[in-house]
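Working notes for the structure below.
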Amino acid sequence: MSSRQQRTRILTQRSRGFGSISYGYNASIIGTTLGQPSFIKYMKLDTLPNATDLISSTNGLFQTGGVVGTLIMPWIADKWGRKWGCAVPCMLLIISGAVMTGSVNIGMFLAFRFFSGAGSFMILAVVPILMNEIVPVSLRGALVDVHGVMLVLGYTIQGWVGFGFFFWNGGANTWRPPMALTMVWPLILLVGLPFLPESPRWLCMQGRDAEAEQILIKLHRDPRDPENVVAAAEFYQIQKQMQIDRTLGSSWLHIIRKPSYRKRALLAIGTCGIVQCSGVLVINSRSPVACHGGAVLTPVPRLRADTLQRLGFQPSPTTWLTFAWGMNALAMLLVDRFPRPKYMAFGVLGCMSTLIVEAALVATYLGTNNKSALLACVAMFFVFQVFYALCLDGTQFSYLGEVFPTHIRAKGICLGVAMISLMNIMWLQSAPIAFINIGWKFYLALIIPGSIGGVLMFLYFPDTNGVPLEEVAAIFGDADEVAVYERDLDFDPTTHAVIDAHSGEKGGIKHLEAGL
């Protein structure tokens with residue numbers, strides 16, 4: 001692939017990355033909001049007898065909306081297109097963001113937290129659907145990893161914004177400007193959507209082959225390929241495959257009944273479930289650098305900021321997030337160099353090793369003034385991000401998109417993202433109470449299933465790295481559903497036709513990106 005092609009693909013991915021930022025910012029803004037004394041006072045959460053339940057509901061409704069939204073998304077993305085799949089959650093986020101920013105009571109705020117969660121998780125799912133379907137096979141992991149980079153950038157921006165506004169004396173409305181920014185990122189994506197390409201695979205599924213071919217030509221345009229060989233080749237393979245895919249069942253019931261589809265669905269659920277067992281959500285809530293101005297944002301017991309400050313460590317609310325963003329960016333250079341499941345399994349087991357050390361340190365030294373041990377506890381949060389950000393955060397979305405064929409890809413990815421939301425509900429509800437009652441032992445609830453899942457992932461999950469999306473079916477025993485293999489394609493420079501060596505048919509393409 002030429003540098004010009006790479007720039008085109010990366011710019012396209014970054015444009016869609018505003019959707020990823022939308023999720024990251026919206027998912028984490030509640031921490032900043034609850035950390036604002038002005039919000040607590042304005043919503044009377046310092047005096048209401050059920051304030052604790054209301055605060056918990058801000059997360060619960062968000063995650064519940066996420067489950068509902070992601071299960072609705074396949075209908076939108078399959079019927080109206082991947083771009084409309086991006087547009088609908090953008091509109092939900094803009095409307096919900098506007099209402100929450102202008103909320104005059106906690107009930108109004110909570111009602112639209114549900115829609116904010118729906119929009120956030122819908123966009124978390126649909127962006128990698130579109131990304132997987134337009135990127136070249138040789139760089140699929142790296143370019144889809146832009147999704148992970150940008151969603152963590154959303155977390156980081158929110159951290160900096162929240163940190164700054166914590167120290168701004170804006171009276172009773174100090175909490176509103178950070179909340180208003182939830183509308184900015186989806187608005188940018190919504191305005192830019194008309195200028196971004198639709199998925200050529202979805203277009204071919206709808207019989208709009210000419211449009212798909214033109215998009216592929218634009219994506220592959222290269223001065224060294226004046227005949228558009230690469231674009232013609234990919235178009236031929238996609239076109240032939242979609243002719244088969246249109247005849248296959250795609251309902252939820254069909255996914256359950258057909259063994260190979262059921263296996264893929266279980267892989268999606270298992271991948272996201274195992275990744276969530278890495279403990280990232282619990283680490284997020286317990287990190288001492290997640291404090292804003294020393295204010296603890298969740299009821300989970302942690303290494304208190306004031307304790308660390310007495311020991312000479314000044315926690316920053318953005319240091320940990322900025323570090324995580326850097327690790328996600330570095331992952332783009334590594335993700336396509338290793339088999340997907342083994343790469344993710346390494347990340348999961350690395351996270352488990354970090355949690356084991358953290359649990360031992362917390363069990364032994366929490367509540368003491370042992371400076372070295374407490375700083376080691378903090379260091380484990382950063383070590384954790386090395387494994388999680390490098391191997392899991394973005395890679396899971398590449399893998400989800402790769403294991404499903406085009407006609408059920410939206411359902412498959414959304415099923416995995418719904419699992420993320422369900423796991424979030426489970427950990428958010430259990431972690432605060434569990435840490436209060438059993439302390440460090442709660443880490444075992446992550447370490448045991450996470451370790452088992454990491455081993456299973458390493459040994460049994462199939463590798464999809466480097467396999468064209470149209471050929472992945474063969475890995476799952478559906479070789480009869482693969483229309484054309486790249487190895488059977490060749491290009492006739494005289495007639496400018498792609499020849500299928502297996503069938504003798506002309507008109508197609510060979511994937512020549514690596515040789516150009």
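Using the three backbone atoms N, Cα and C, a Cβ is placed for every residue, glycine included.
Curation does not apply to TrEMBL; its annotations are automatic.
Among the features that TrEMBL reports, domain 'Major facilitator superfamily (MFS) profile' is placed at 12-465.
The feature transmembrane segment is assigned by TrEMBL to 21-40 (among others). Panel annotation: around the transmembrane segment (21-40), residues 46, 55, 58-59, 62, 89-90, 93, 97, 113, 116, 119-121, 123-124, 150-159, 161-162, 165-166, 170-175, 178-179, 181-182, 185-186, 189, 290, 292-293, 295, 297-298 of the same chain, lying at least six beyond its termini, place a Cβ under 8 Å from a Cβ of the stretch.
Within the chain carrying the transmembrane segment (60-77), a Cβ under 8 angstroms from the stretch's Cβ atoms is held by residues 27, 30, 84-85, 88-89, 92, 110, 113-122, 124-126, 129, 202, 410-411, 414-415, 417-418, 420-422, 424-425, 428-429, all 6 or more beyond its ends. Summarising the annotation, TrEMBL assigns transmembrane segment to 60-77 (among others).
Residues annotated as transmembrane segment in TrEMBL: 84-104 (among others).
The feature transmembrane segment is assigned by TrEMBL to 110-130 (among others). Beyond its flanks by at least six residues, the transmembrane segment (110-130) meets 16-17, 19-20, 22-23, 26-27, 30, 54, 57-58, 61-70, 72-73, 77, 82-83, 85-86, 88-93, 95-97, 99-100, 103, 144, 147, 151, 182, 186, 199, 397-398, 400-401, 409-410, 413-414, 416-418, 420-421 of its own chain at Cβ-Cβ distances under 8 Å.
Listed as Cβ neighbours of the transmembrane segment (142-167) (distance under 8 Å, sequence separation of 6 or more from its ends, same chain) are residues 9-10, 13-14, 16-18, 20-29, 31-32, 35-36, 124, 127-128, 131-132, 135-136, 174-175, 177-178, 181, 185, 292-293, 295, 316-318, 321-322, 324-325, 328-329, 331-333, 335-336, 389, 393-395, 397-398, 401. Per TrEMBL, the feature transmembrane segment maps to 142-167 (among others).
Under the heading transmembrane segment, TrEMBL lists 179-196 (among others).
As annotated by TrEMBL, transmembrane segment applies to 265-283 (among others).
Residues or ranges marked as transmembrane segment in TrEMBL: 343-366 (among others). Residues 271, 274-275, 277-280, 303, 334-335, 373-374, 376-377, 380-381, 383-384, 386-388, 390-392, 395-396, 399, 439-441, 443-444, 446-447, 450-451, 453-455, 457-458, 461 of the same chain, all 6+ positions outside the transmembrane segment (343-366), place their C-beta atoms under 8 angstroms from a C-beta of that stretch.
Annotation source TrEMBL lists transmembrane segment at 372-392 (among others).
Marked as transmembrane segment by TrEMBL: 413-436 (among others).
Within the chain carrying the transmembrane segment (442-461), a Cβ under 8 angstroms from the stretch's Cβ atoms is held by residues 267, 270-271, 273-274, 277-279, 282, 340-342, 344-346, 348-349, 351-352, 355-356, 358-359, 362, 430-431, 434-435, all 6 or more beyond its ends. The transmembrane segment feature in TrEMBL is assigned to 442-461 (among others).
Here the listed stretches are 84-104, 179-196, 265-283, and the one with the most C-beta pairs under 8 angstroms to the transmembrane segment (413-436) is 265-283. When averaged over the domain 'Major facilitator superfamily (MFS) profile' (12-465), pLDDT in the model lands at 87. Panel annotation: around the transmembrane segment (265-283), residues 255-256, 300, 344, 347-348, 351-352, 355, 381, 384, 387-388, 392, 396, 399-400, 403-404, 412-413, 415-417, 419-420, 423-424, 427-428, 431, 442-443, 446-447, 449-450, 453-454, 456-457, 461-462 of the same chain, lying at least six beyond its termini, place a Cβ under 8 Å from a Cβ of the stretch.
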